[in-house]
Amino acid sequence: MAKKRVVIGMSGGVDSSVSAWLLKEQGYEVIGLFMKNWEDDDDSEYCSTRQDWIDAASVADVVGVDIEAVNFASEYKDRVFAEFLREYQAGRTPNPDVLCNAEIKFKAFLDHAMLLGADMIATGHYARVREVTSGPDAGRVELLKAVDASKDQSYFLHRLNQAQLAKTLFPLGEIRKTEVRKIAEQLKLPNATKKDSTGICFIGERPFREFLNRYLSYQPGPMKTPEGVIVGEHVGLSFYTLGQRKGIGLGGMKSHKNTDGNSEPWYVARKDVATNTLYIVQGHDHPWLLSSELSAGQMSWVAGSPPSEELVSAKTRYRQADVACSQRSDADGFSLAFAAPQWAVTPGQSAVLYQGDVCLGGGIINTSAVPA
């Protein structure tokens, strides 16, 4: 019987490299595919694409798999980056990784892999896929959290649909990150000690304000307290996010004291795009930073339809512990009511729903409400 062909996204990082080796060990015919998705500043100090390609090709040679490169820069700009800029211009805080996964890594990439004769695709994400084998949902594919809860990336994958998940393997879903590093060292992979990538999906680490300046128009405006007192000037609403503490420019101001006599820090609490006003508050637990419920749109359900369960758990940001809530959904979106108020629920971010380890899907946060 012919081996199943798996095309794996190889980024030059440790996770995808070890994933390629694991797949080969499991008996698959493995082909590596390196994606180039950003071209605006190939020669800048922040662009790591050349080194990433060298690392990916070197690993492929060690592991013994063929690798090729594909350019999705146009697709990335049209499907991901344009929306990223629109959201920031509207005063929201988007998460490009969510859209990048749905549109590039598991759409453009999947389409290209099929042209290469792939039976399946794979990535180095920490998540799991499971097929339901009995009952009324038999044949349906579920997206599950990774065994390593500290690295779980199901939050970023919640927009994947049944067709995408049915064609996807996550070799690291059952493995802890420490074990992945150990395998890379034992194999003497050239990137065994390479640090994990951070920053904007495929754009990388760079001074964020300087980067946005190149693409967005912005206008300074007033910074106000909830009482309407102007305490400073912001440099443009796009450069701030709810819950932000650093970089506001009011570190020396003192007007509110804790019981120990120290001034409480300022936090970004709201952005009023209509009046170009940034509202800031003092104290981590200020009521304006807490939300008892939220509404979300642009929803995507892993099963293809909204969950029937009313009581679920949710994350409103990556690395947040699941929080208990009740959900109601309709054709326009869904709403969540939290069992306990949540901190800095941010429009533009994703609210992702879970039932235990099963990721149900989610949507983009539109609004949130402070506790009554």
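Yeah, the Cβs are placed from backbone N, Cα and C, and that goes for glycine too.
Look at Swiss-Prot and you will find Gly9, Met10, Ser11, Gly12, Gly13, Val14, Asp15, Ser16, Met35, Gly124 tagged as ATP binding site. The active site, nucleophile feature in Swiss-Prot is assigned to Cys100; the stated evidence is sequence analysis. Under the heading disulfide bond, Swiss-Prot lists Cys100-Cys201. Feature annotation from Swiss-Prot assigns site 'Interaction with tRNA' to His125, Gln349; the stated evidence is sequence analysis. Marked as active site, cysteine persulfide intermediate by Swiss-Prot on the basis of sequence analysis: Cys201.
Within 10 Å of His125 (site 'Interaction with tRNA'), as judged by C-alpha distances, the recorded positions found are Asp15; the full candidate list was Ser11, Gly13, Asp15, Met35, Cys100, Gln349. The binding-site residues examined here are Gly9, Gly13; by Cβ neighbour count within 10 Å, the least packed of them is Gly13. Cys100 (active site, nucleophile) is surrounded by 24 other CB atoms, counting those within 10 A of its CB over all protein chains shown. Put simply, the two farthest-apart Cα atoms among Gly9, Met10, Ser11, Gly12, Gly13, Val14, Asp15, Ser16, Met35, Gly124, the recorded binders of ATP, are 16 Å from each other. His125 (site 'Interaction with tRNA') has a Cβ environment of 25 other Cβ atoms inside 10 Å. Taking CA atoms as the reference points, Gly13 (ATP binding site) and Cys100 (active site, nucleophile) are 17 Å apart.
Secondary structure from DSSP puts Asp15 (ATP binding site) in a helix.
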